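Peer 1: Submitted below is the structure of interest, expressed as structure tokens.
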């Protein structure tokens, strides 16, 4: 007997590929992104002084790849924010991570086992974002492989690439932390 045949891995992989990203994988992406923002130096002070700047920074962390790929393709950079359900979900998670009493949500999500699961789910979401970026670029530039790769990369790594602009929103700018100069 074939061990892989007994495990039904082919059906399992097709089942996972057909899973909807919303809401579980998107929630994991938003939680990990907002937690990454919260762990930046000085962000907690900004969240108390200017919640709107903190919220906008969180939205850039959550939707940075789509914003950046939109700019690169000469599309409206605010288009990702037109999906009200996703923005509402990301805003709710931002509120819970930053303002939940006794930091229950942040402390719970920061536990290593849960954080590992959330990070894994975020990486699954990243692969879908890269694929979406390549598909979006292919619809406009059918014969340009370099453009497809650049847009896929920007869509997948957008939060890190747009971090300098996000720092400007918070009133902090550190050009030495640019993702293009020091890639993670």
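Along the chain as shown, the residues are counted starting at 1.
Glycine is treated like the rest: Cβ placed from N, Cα and C.
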Peer 1: Of the residue ranges 93-118, 119-144, which one carries the transmembrane segment annotation in TrEMBL?
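Peer 2: Feature transmembrane segment in TrEMBL: residues 93-118.
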Peer 1: Six or more residues beyond either end and a Cβ under 8 Å away: which residues meet both conditions relative to the transmembrane segment (49-73)?
Peer 2: 29-30, 33-34, 36-37, 43, 79-81, 86-87, 90-91, 94, 98, 129, 133, 136-137, 140, 150-151, 154-163, 165-166, 169-171
Peer 1: Same-chain Cβ contacts of the transmembrane segment (93-118) under 8 Å, 6 or more residues past its ends?
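Peer 2: For the transmembrane segment (93-118), the far contacts come to 27-28, 30-32, 34-35, 38, 44, 47, 51, 54-55, 58-59.
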